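Annotated compositional bias 'Gly residues' per Swiss-Prot: 91-103, in sequence order. What Swiss-Prot lists as compositional bias 'Low complexity' is 137-154, 205-234, 245-281. The compositional bias 'Pro residues' feature in Swiss-Prot is assigned to 194-203, 293-302. Here Swiss-Prot flags 79-103, 119-302 as region 'Disordered'. What Swiss-Prot lists as region 'Triple-helical region' is 114-143, 162-185, 189-221, 226-252, 255-290.
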Amino acid sequence: MEEKQKIAEAESLKKLAFFGISVSTIATLTAIIAVPMLYNYMQHVQSSLQNEVEFCKHRTDGLWDEFHRFETVKGVDSRIKRDTRSRRGGYAEGGAAAGGGGGGGGSCCSCGIGAAGPAGAPGKDGAPGEDGKAGNPGTAGSDAEAAAAPTASDFCFDCPPGPAGPAGGPGPAGPPGPAGADGNTPSGGGEGPAGPPGPPGPAGNPGTDGAPGNPGAPGQVTETPGTPGPAGAAGPPGPPGPAGNPGSAGASEPGPAGPAGDAGPDGAPGNAGAPGAPGEAGAPGSGGGCDHCPPPRTAPGY
């Protein structure tokens, strides 16, 4: 029962994994295809809007040129916010110069940015930089004279006394001292009791050889079987035996077929075939389009 549950769980996980992989693949392909298409569409929309905006600016500048020309003809001295011509981008057409009466002000660009302001206060000091690279070695000093001897000032090192070493081991025992002087003779004491017996003395020297003994009885010879010796080496092989009786007749049916043999070498390549008939003519191509051409610059409403 547990085995069946495990198999069912594995199948469900297999379907879930397949579904997840499919969704991931579709999402990846969608992102690969949709993002460039969306970017291309947004760029196309931006280009179209830019052309429309430039056209509107051009028409507006033309209207203001007519207005200034009318003021010049009528002799009207006026200055309004739009008296200063703005710089147009994308169109090189020059307009009529403004002929106002009291024009003493300076010109400015279309973005409305004035002259640069005063310099700001100095900023805080930056973090210290990294150490520079080591300099090149200096030039070699002049050689000393041959007869000059080194002095104590030539050596600039100081050798302080070293620390005390560890304590050494005990020395060997000294020789025994001289014998002491004889003690005083005891007075008033009698002889003491006898001491215990001393240890046995060392063995004495060996004695001399004794006289030869009488001859013994004559010996008797007894025969007993000895132990068997090791086996000898193997003898030479004997002559071949007589021929055996003929065997019984075999079955009349042939035996089973043997296994298939190895594949033979590849044959020589065949002769080249005859050339085929010419194919059918292809369908005519589609007419050329104007998708690559920019949209015409027309007035709004067309």
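Note: Cβ is positioned from N, Cα and C throughout, glycine not excepted.
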Open item on the list: Using DSSP, what is the helix/strand/coil residue split across the region 'Triple-helical region' (255-290)?
Closed with: 0 helix, 0 strand, 36 coil
TODO: Tell me, roughly as an integer, the mean pLDDT over the region 'Triple-helical region' (255-290).
DONE: 76
